[in-house]
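As given in TrEMBL:
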type     : residues                : note
BINDING  : Gly1, Asp3, Ser5, Glu22 : Ca(2+) 1 binding site
DOMAIN   : 1-262                   : domain 'Plant heme peroxidase family profile'
DISULFID : Cys55-Cys258            : disulfide bond
BINDING  : Pro97                   : substrate binding site
BINDING  : His134                  : heme b binding site
BINDING  : Thr135, Asp181, Asp188  : Ca(2+) 2 binding site
DISULFID : Cys141-Cys166           : disulfide bond
Amino acid sequence: GCDGSVLLDNVPATATTPAIGEKNAFGNINSLRGFEVIDTIKAAVEQACPGVVSCADILTLAARDGTFLLGGPTWTVPLGRRDSTTASMDLANRDLPPPFANLVTNPPDGSDLIARFQRKGLSATEMTVLSGAHTIGSAQCQNYRLRLYNENRIDFQFAQGLKANCPQNGPAGDTFLAPLDSTGSVFDNKYYADLTGLRGLLHSDQVLYPQNNQTQAKIVLKYKGDNAAFFADFAAAMIKMGNLSPLTGSAGQIRTNCRLVNP
C-alpha cells in the first residue's frame, strides 16, 4: 500500500502481460472496502492541482485523518510518494497476515505474525500496536468461525452471542459482519481490554495475548492501561510503516485515476 498498488483494479493476464491486482488477495477480497472514498478525494485533488498528489499519498493521509476523526491520534505524514504501475496478488497473499495466523510457529516457517512483521523491519511491539487498528472496523464470519467453534481461549458469552449469526458450517453466515472490538466505531484502546478478556474476534488478534509469553502479554497490558502510550506508539508505527519502500523521485507515476495505470 505504500505505493498505492492496492488501489489498482484487477486486470487479467494477457499473452504479453501478467495479471495485476491486490484487491482479490485473500486478506483483501470482500474485506478491504471504501475505494470509492479515495476516488472522490482524488477527483477533487486532480481538479485543484492535476498531476501533483499521488494516490499513495492520498491513501496515507486518509488513514491518518480517518483515525483522527474517530477519536484517535494524529501525526505528521511524510509526503512525496509516487504510484506504482503494477500490483502483485502473489506478494499480497504472501505478506498480509491471515486471520488464522499464530504469534509464532514451531518449527519456524515464516508464516507467523512476528516473522511476517520482522521481514518488514517491524518489531513485536510495533506489530502489537499496529494491530490496535482493529479497534475499528469489522470482520466476516468466515474469518472468525473457526475461533468460535474450535478454540478454548474465548469468553463463553462472547462466543455464544456471535454464534447466533455465524453458524458452524458455511456458506450460511459467511459474510455476516461483527465489530473487531466492543467499541467498533471509536478509535481507542478497548481492543486490548478485549484481548485480556478473551474477546478478540480473530485468532490472529487473540494470540497477541498468550499464556506462555509474558513479554508479549506485557505489551498488550501496557496499551490496555495507557491509552496515551497506545496513541503515541501507534502514530510512530504508522509513520514507520508508511515509509516501507515508497516510490519517490522519477520512479512510478502520479496516477490520474487511482484504479488505473496512466495510459
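Using N, Cα and C of the backbone, Cβ positions are placed for all residues, glycine too.
TrEMBL does not curate its annotations; it predicts them automatically.
The sparsest Cβ neighbourhood within 10 Å, among the listed binding-site residues (Glu22, Asp188), is found at Asp188.
Long-range Cβ proximity for Cys166 (disulfide bond), meaning a same-chain Cβ under 8 A and a gap of 6 or more residues, is found for Cys141, Tyr144, Arg145, Leu148, Gly173, Phe176, Ala178. For Cys55 (disulfide bond), the number of other Cβ atoms no farther than 10 Å from its own Cβ, over all displayed protein chains, is 29.
If you check the recorded positions Asp3, Ser5, Cys55, Pro97, Asp181 against His134 (heme b binding site), the ones with a Cα inside 10 Å of its Cα are Asp181. Across all of the domain 'Plant heme peroxidase family profile' (1-262), the predicted model scores a mean pLDDT of 94.
In this structure, the binding-site residues under consideration are Ser5, Thr135, and the one with the smallest number of other Cβ atoms within 10 Å of its Cβ is Ser5.
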